[in-house]
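TrEMBL annotations:
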- Glu104, Asn108, Asp150, Met155, Asn163, 169-171, 196-201, Arg455: ATP binding site (BINDING)
- 297-310: compositional bias 'Basic and acidic residues' (COMPBIAS)
- 311-326: compositional bias 'Acidic residues' (COMPBIAS)
- 292-332: region 'Disordered' (REGION)
- 1-20: signal peptide (SIGNAL)
Amino acid sequence: MKYLLLVGLLLFAGFSQTKADDSKEEIATETVDLNLGSFKEASRTDSDAVQREEEAIKLDGLNVAQLKEIREKAEKFNFQTEVNRMMKLIINSLYRNKEIFLRELISNASDAIDKIRLLALTNRDELETNPELNIRIKADKENKVLHIMDTGIGMTHQDLINNLGTIAKSGTADFLAKMQDPTKADGQDMNDMIGQFGVGFYSAFLVADRVVVTTKHNNDKQYIWESDANSFSITEDPRGDTLKRGSIISLYLKDEAQDFLEQDTLRDLIRKYSQFINFPIRLWSSKTVDEEVPIEEETKKEDEEDKPATSDDDVQIEEDTNEDDGDKPKTKTVSKTVWDWTLINDSKPIWTRKPNDVTEEEYNEFYKSLTKDTSEPLTHTHFIAEGEVTFKSLLYIPKVQPSESFNRYGTKSDNIKLFVRRVFITDEFNDMMPNYLNFIRGIVDSDDLPLNVSRETLQQHKLIKVIKKKLVRKVLDMIKKINKEQYEKFWKEYSTNIKLGIMEDPSNRSRLAKLLRFQSSNGKDVTSLSEYVERMKPKQQNIYFIAGANRGEVEKSPFVERLLAKGYEVLYLVEAVDEYCISALPEFDGKKIPKCCQGRFQT
């Protein structure tokens with residue numbers, strides 16, 4: 001009975017202690033809102049990452065008192081009517097893919113860094129507060145918050161009102177124009193022209209119920225901007241100057257957007273849309289590493305304590321055994337999870353370099369990464385086009401006709417990727433390349449293209465038409481320059497495409513005609529129309545051809561026999577598309593092309 005009473009007292013004491021511990025834990029929880037350095041992922045760093053851990057802690061961390069101060073001192077604002085309408089449009093229908101919010105915010109971060117770098121060209125002191133220029137992304141799964149950080153120019157109090165409460169201006173392009181031409185500034189102060197986010201910022205509300213922007217400009221204090229998409233508030237940051245310079249956008253994600261907290265999702269989106277951003281983009285991510293650690297002495301002591309008492313002889317035997325301990329391992333391998341900033345955009349945009357500075361190996365490797373093709377391309381062209389619109393382009397011809405080319409003929413093509421200032425915009429085009437050139441792979445990058453609010457559709461299709469026209473000319477020129485040996489391989493794969501081009505593209509028909517090859521009575525090898533014209537008899541005005549199922553059949557034609565007897569060369573059109581192609585080409589190089597198989601010719 002005494003024993004039962006004693007057990008009961010011990011259980012009661014343990015329960016009381018547990019409740020006390022729980023109460024303490026609840027109190028401790030209420031004193032902290034968000035601390036990037038304290039959530040689980042950040043606490044599992046390796047022993048050499050103290051500095052990185054401290055860096056993570058600095059990114060945020062408002063206690064209850066500071067939050068209360070923010071709520072009491074915050075200036076409340078209503079969004080401009082146009083902004084409200086625009087945000088509803090964005091959230092409800094404008095963006096087709098929610099994932100583009102990350103592209104927009106990274107692009108804005110890059111713009112902000114561009115601006116501080118530009119200012120630093122004339123005043124190096126601008127970078128003193130934080131010389132490192134980069135973008136960092138960190139997911140806080142515990143609090144369901146995604147942070148996008150940059151060391152860009154930051155925003156002043158007035159910038160926050162102007163740029164995140166009203167319809168933004170044209171962004172970096174307008175900023176650069178005004179800096180280069182002071183007459184365009186209209187007396188506007190330089191600080192009023194910088195830090196403009198652009199309307200893409202509001203895409204954050206596609207995935208977030210609440211957005212918090214913490215920002216520090218060299219010419220102002222650190223401020224916190226906060227919004228739930230209905231109104232916004234601005235207050236001075238009670239933590240003081242923790243950023244030195246730059247901005248942090250914190251997205252409190254909706255329940256259906258939790259996937260954007262996953263490392264793999266973030267890594268894939270960064271590589272898809274922002275791989276070629278000029279500045280380093282780093283993701284706070286984990287990896288498992290193996291580490292050698294010493295075998296603990298405590299384990300040996302416990303083993304010794306568990307052994308029964310031994311005689312003197314046994315002790316002597318134990319001593320002899322211990323002499324062999326030197327052969328036993330002193331360490332063991334354990335797996336450990338470590339966290340660190342990982343560089344994601346490690347690929348560089350080779351199209352921004354001068355063609356003479358890029359090696360053939362680099363061109364081939366880029367082609368493989370772009371197309372996922374394991375073979376090298378047949379050929380490529382790399383150029384800068386100037387005029388009504390300036391753009392850089394790198395285009396490839398695959399060695400083998402892509403299997404889906406004719407299955408998807410006339411549908412949207414994803415073979416040409418459009419970038420604006422190295423930010424991926426889209427690869428869904430009906431009109432970047434004509435259908436007959438749907439085998440071309442490559443990229444187009446322009447600083448001049450105007451974009452609508454979502455960057456999903458271009459505002460001025462006229463510029464796309466200008467780009468298309470130049471791309472087609474460059475592709476045809478690239479094909480024309482292929483040497484004879486390689487051209488045989490090209491013609492074997494893409495002859496039908498060129499013939500379809502003759503029928504579908506009247507504006508380039510004469511250029512395409514020079515690429516045609518046909519079988520001929522002159523020999524077993526295919527010949528071009530130019531070569532045929534060079535071999536024509538004096539005073540011959542017509543190019544003669546005959547269509548049929550195969551060479552053997554057409555050679556037996558009486559029309560052919562009659563022409564050959566008079567010394568004329570005849571082209572043999574033995575492919576299904578040949579006759580349609582040649583009928584769309586009434587002449588070549590001033591020579592008419594009558595249909596000899598129908599007898600409509602004169603010798």
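Using the three backbone atoms N, Cα and C, a Cβ is placed for every residue, glycine included.
Remember, predicted model here, so these are calculated numbers, not experimental data.
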Local backbone state of Asp150 (ATP binding site), from DSSP in three classes: strand
Helix, strand or coil at Asn163 (ATP binding site) [DSSP, three-state]: helix
Protein Cβ atoms within 10 Å of Asn163 (ATP binding site), excluding its own: 23
Count of other CB atoms lying within 10 Å of the CB belonging to Glu104 (ATP binding site): 24
DSSP-derived structure type at Gly200 (ATP binding site), helix or strand or else coil: helix
Neighbour count (Cβ, 10 Å) for Gly200 (ATP binding site): 24
